[in-house]
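*Asks:* Below is a structure I'd like to ask you about.
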């Protein structure tokens, strides 16, 4: 049963049989270069540089680093008119949301407006998405506030809390920019769709429950994130509930929900829901001012100073006492906000038919957070709600972000005293309506219908967030996703193939009922890479199949050939080659012969090298197709006595 029997043909060749050819030989350097390119540059971002003169290459390089130089020279007044409308529209949403999200992060409201001024200007210069509207977002605000409150109480030491927020933003930006510069964007792919759907829904519920403090007028509220302590805090402080606050909250919450519903039913009226938050702020501020409602247990924001962002690089705190907290907070908020920003940018790019460079987006978002941390801003990214409004308003270029930033600048310079009477209950209502869109029941239902394991990951993320904490819930979901990947690697799919009568097609016996076994053959297909993590499993599984086959042997024909279809095996390591050699020896001890079918690329190359060293398979053990292997070997099948 080794290659020395009476059949002598060229490697993998028999009369009428196609030859299995090894791939062209390449040097190790060439292979490494190819793998590095596919790993870090799968989109080949520098293909436009090929064949260009040196001057043109330098120009393209500058445009690559500063995308604004690509669209600004072609900018026209007609484009500006569209961007002006879009910018003013998203500014009407960004101003109340900025104030609200800053309070969600336990930061002064003014920080939310600062974060809606500088970062959009940075993104306009470095970002590649035409639709992304930059600013603070609810989930990152929630996570930052929750994690930093574990180290510092913002009520007793607000300055230290602010320092930690800026430092965490700095680390978030460094993580994001590093992922883009090092072309490591695939790391964020570990946050699967199922994980994100469950996580976002859970976080949206936690954010909404946290707003009960503002909606009910409660002064002493828990700082914990879980649903149990939040609800416990709500019902243990019923004496603090304010009916005036509750009435105002219900009215404005109903108004915001109504405008949201109207815009969803009639997309052309998107401006209604976009302007509703600002309208709510204006109306509620007038009501409080005219009726002196602050004297009737309705809390207000208070005085906000006019002026633009102050430098904050001197407030970055790298003290060892809090370094671990700020680095961890920066890492988690950086990854979450980066995932959201890149996903939103790609979504709207696909709708308009243009490409967004993921790694370039990471660099742009990272840079704006690094700059933001030095200019009194906290972590920002592209928010879905603002970007959707920007898209629907007809934006053409990132100039809409500049228009929004200029509008916020005017607000910071001239209009801040007007927010002194803005009630906190309206900000709570704005946040609740903003995060409702993060609960995607339809997506969860689709996941349930398509993949029950993915749905389990989704539910674990959801329950982990609402019952434990935001970061632990995310960690559980990511852990389950990685565990599933490890299971797929260590327990690869392997099936028995049979022939569909009248054809040369071989398919899974359990999938195609018309597929039939070939007497004397056990035809197996491995549908995954073979490596050190799964060779033991494959070895045991094949042995068990052989034993089952021999126990159920036909009286006419006994099992003589084990055919291993390697068409779906893309890679194999040294452990995989050792597995092939051991498997061949084991099979030969049982009086059988192992045959390989269609080893491709790297697998064929390594098999050939192993054969040169160990001569472990014969010249007739390789075939291009299963059909050719069966036809060629059938004449050697021995009938049972």
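The backbone N, Cα and C atoms fix where each Cβ goes, and this holds for glycine too.
Bear in mind that the values here come from a model prediction, so they are computed numbers and not experimental data.
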*Asks:* With TrEMBL as the source, identify the stretch among 310-338, 455-483, 484-512, 513-541 annotated transmembrane segment.
*Replies:* 455-483
*Asks:* Can you check which of 158-182, 558-582, 583-607 TrEMBL lists as transmembrane segment?
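*Replies:* In TrEMBL, the transmembrane segment feature sits at 158-182.
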*Asks:* Identify the transmembrane segment range according to TrEMBL, selecting from 127-149, 426-448.
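*Replies:* The range carrying the transmembrane segment annotation in TrEMBL is 426-448.
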*Asks:* Among the residue ranges 194-212, 213-231, 612-630, I'd like the one that TrEMBL describes as transmembrane segment.
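*Replies:* Here TrEMBL associates transmembrane segment with the stretch 194-212.
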*Asks:* From the ranges 342-361, 362-381, grab the one TrEMBL calls transmembrane segment.
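*Replies:* Within the set 342-361, 362-381, TrEMBL attaches transmembrane segment to 362-381.
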*Asks:* For the transmembrane segment (362-381), I need the partner stretch with the highest count of C-beta pairs below 8 angstroms, choosing only from 158-182, 194-212, 402-420, 455-483.
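*Replies:* That would be 158-182.
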*Asks:* With DSSP helix as H/G/I and strand as E/B, how many residues of the domain 'STAS' (511-633) fall in helix, strand and coil?
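*Replies:* Per-class counts: 55 helix, 23 strand, 45 coil.
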*Asks:* Using a Cβ cut-off under 8 Å, which residues of the same chain at least 6 positions beyond either end of the transmembrane segment (107-126) come close to it?
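*Replies:* For the transmembrane segment (107-126), the nonlocal Cβ contacts are 65-68, 94-95, 97-101, 132-136, 145, 154, 158, 161-162, 165, 301, 304-305, 308-309, 360, 363-365, 367-369, 371-372, 375-378, 380, 382, 398-399, 401-402, 404-405, 408-409, 411-412, 416, 419.
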*Asks:* If I take every residue in the domain 'STAS' (511-633) and average their pLDDT values, what number comes out?
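*Replies:* Across the residues of the domain 'STAS' (511-633) the model's pLDDT averages 87 on the 0 to 100 scale.
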*Asks:* With contact taken as 3 or more Cβ pairs under 8 angstroms (pairs 6 or more apart in sequence), are the transmembrane segment (455-483) and the transmembrane segment (270-291) in contact?
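*Replies:* When sequence-distant Cβ pairs are counted, the transmembrane segment (270-291) does not touch the transmembrane segment (455-483), since fewer than 3 lie under 8 Å.
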